[in-house]
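Written below as structure tokens is the structure these notes are about.
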Amino acid sequence: MNGIIPVHKPAGMTSHDVVYHLRKILQMKKIGHAGTLDPSVDGVLPIAVGRATKAIEFLQESGKIYTGEVTFGFATETEDLDGAVIAREPLTAPFTTTDIDNAMATLRGTITQIPPMYSAVKVNGRRLYDYARAGETVARPERQVTIYRFERTSEPLFDPATGTQKFKFVAEVSKGTYIRTLAVDLGAKLGVPSVMSQLTRQKAGGFMLDEAFTIEQLADKMATDHDLGDWVKTLNAALADYPQIELSDAEWSYAKDGVGLDATVAPGQPARFVSLRHGQVKAVYDWSNAKQKYRPYRTFSNED
């Protein structure tokens, strides 16, 4: 079995848990996930099986879409509801929709983020969450991310008893964006502590949540049919963000031996393209200025 399985990870389960369950269901070891989801977050998690594990890095490069909820009035150490409250400033009056929308607009485009201490980012060889759990602080590297869309999708709900205000949102973002941090930065724009109070990943690796299967569905399918059939998506679908070019017999004679290909193989000379043979993905090629040729970056199969 080779391909990508879009899985609906439930809240309360780690991404590694999903891989563990699928190894048992599929009776395979060569399985990996493309893009960690925090345990409290649900949503689509692309799972690569067999030779498709070589495509994980390309799946991770794609943009992502999330829906979720922001709450104003308090903050936590983890920037979501999993951590201890570290600040509480009850709102005495609600923000207007104009206040919120204008603040959200300032966070669209290319922005700088500092990853949360409770994250898997490595600093000096250690995960940030390891420092956080040990009560240590460390300088965190800034990163540039792009927020293509960040919009409110519900009317804000103000609770005068708790001094909190919450609303739903949708965010379309580049690789490496922390939605938790986006929620905290939004509160900072308005001068109040805030937290990401719920999150669902709607799109990752080119796959939408409504295309994803639950672990229970996959287990039932294997028990009944002993195969997942077209539930396993092809590499073509996984690499849809890149131009896909069918190689001629002459081009294939070079490509299967790992020889570079001339610029003429790819109209428009894209920086990267996917080579096909009889419609099947064979390799990912990158343009080399030094060689003035396309060089194989990742090979999936040399078989005709």
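Cβ atoms are placed via backbone N, Cα and C, with glycine included.
Predicted automatically and left uncurated, TrEMBL annotations should be read as such.
Annotation source TrEMBL lists domain 'Pseudouridine synthase II N-terminal' at 23-179.
Residues annotated as active site, nucleophile in TrEMBL: Asp38. Following the DSSP three-state reduction, the secondary structure of Asp38 (active site, nucleophile) is coil. Sequence-distant contacts of Asp38 (active site, nucleophile), defined as residues of its own chain at least six apart whose C-beta falls under 8 angstroms from its C-beta, comprise Asp80, Asp82, Leu199.
If you look up TrEMBL, you'll see 180-233 marked as domain 'tRNA pseudouridylate synthase B C-terminal'.
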Tally of residues which DSSP labels helix, strand or coil - the domain 'tRNA pseudouridylate synthase B C-terminal' (180-233):
28 helix, 15 strand, 11 coil
